[in-house]
Amino acid sequence: MASPSRQAPLGGSGLLHGSRARSYGSLVQSACSPVRERRLEHQLAPGDTLAGLALKYGVTMEQIKRANRLYTNDSIFLKKTLHIPILTEPRDLFNGLDSEEEKDGEEAVQPSKDEVRPHSAERKKRERGLGHANGEPLPTAGQEPARHDLSASDFLKKLDSQISLSKKAAAQKLKKGESGIPGEDSSLHLSSPRMQQRAVLGPVPLTQTSRTRTLRDQEDEIFKL
């Protein structure tokens, strides 16, 4: 009996049969998968180049060529628009599952209202106690403390008024000092008998000693030099 003809297995190595990669549709995890790509439409300008567009959108030149079926860099000017493939985040592929998990995590982290209320009540009691101790009236529950939000012009006007007030106060102090200091000095000087004698006799000439003469001679020599 003749042996049955053997059929070559599919995907065998040979000239006519290339090796096939087995995949399972949506389970393929590839960075260049069309499911994870979204394409932006870019209007071409006269100065646009493939390298510039790749840098601008954060993709490679080969990806732009593959998406637009370009074979050379100069063939981009044959089209008015180019499709730029941009990878989407894997979070978009889960149809909102991650967002629900994030919400659950945030609810677990945030404290409940029952836990927050006793802390706020304790703070209010402390603030009331401090206010009564300082003698300052505290605002009621319905009233909020007034906020003084000054504009730039109001702040400058307030600063100018404070400067003018300080200048007036300084001038008044100087006037009081000029009027009060001479009287005080005269009363102090005339209180002692020695000062009274000096006031009557006038300035007393200094006695010239040998020490004073030598000092004056030295000063004269210094000025001559």
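Even glycines carry a Cβ here, placed using N, Cα and C.
Annotated features in Swiss-Prot:
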{"type": "COMPBIAS", "residues": "98-107", "note": "compositional bias 'Acidic residues'"}
{"type": "DOMAIN", "residues": "40-84", "note": "domain 'LysM'"}
{"type": "MOD_RES", "residues": "Ser23", "note": "phosphoserine"}
{"type": "MOD_RES", "residues": "Ser33", "note": "phosphoserine"}
{"type": "MOD_RES", "residues": "Ser99", "note": "phosphoserine"}
{"type": "MOD_RES", "residues": "Ser164", "note": "phosphoserine"}
{"type": "MOD_RES", "residues": "Ser179", "note": "phosphoserine"}
{"type": "MOD_RES", "residues": "Ser192", "note": "phosphoserine"}
{"type": "MOD_RES", "residues": "Ser210", "note": "phosphoserine"}
{"type": "REGION", "residues": "97-153", "note": "region 'Disordered'"}
{"type": "REGION", "residues": "170-225", "note": "region 'Disordered'"}
For Ser210 (phosphoserine) and Ser164 (phosphoserine), determine the Cα separation and express it in whole Å. 58
For the modified residues listed here (Ser164, Ser210), which one has the lowest count of neighbouring CB atoms within 10 Å of its own CB? Ser210
Taking helix as H, G and I and strand as E and B in DSSP, count the residues of the domain 'LysM' (40-84) in helix, strand and coil. 22 helix, 8 strand, 15 coil
Over the domain 'LysM' (40-84) the mean pLDDT stands at 86
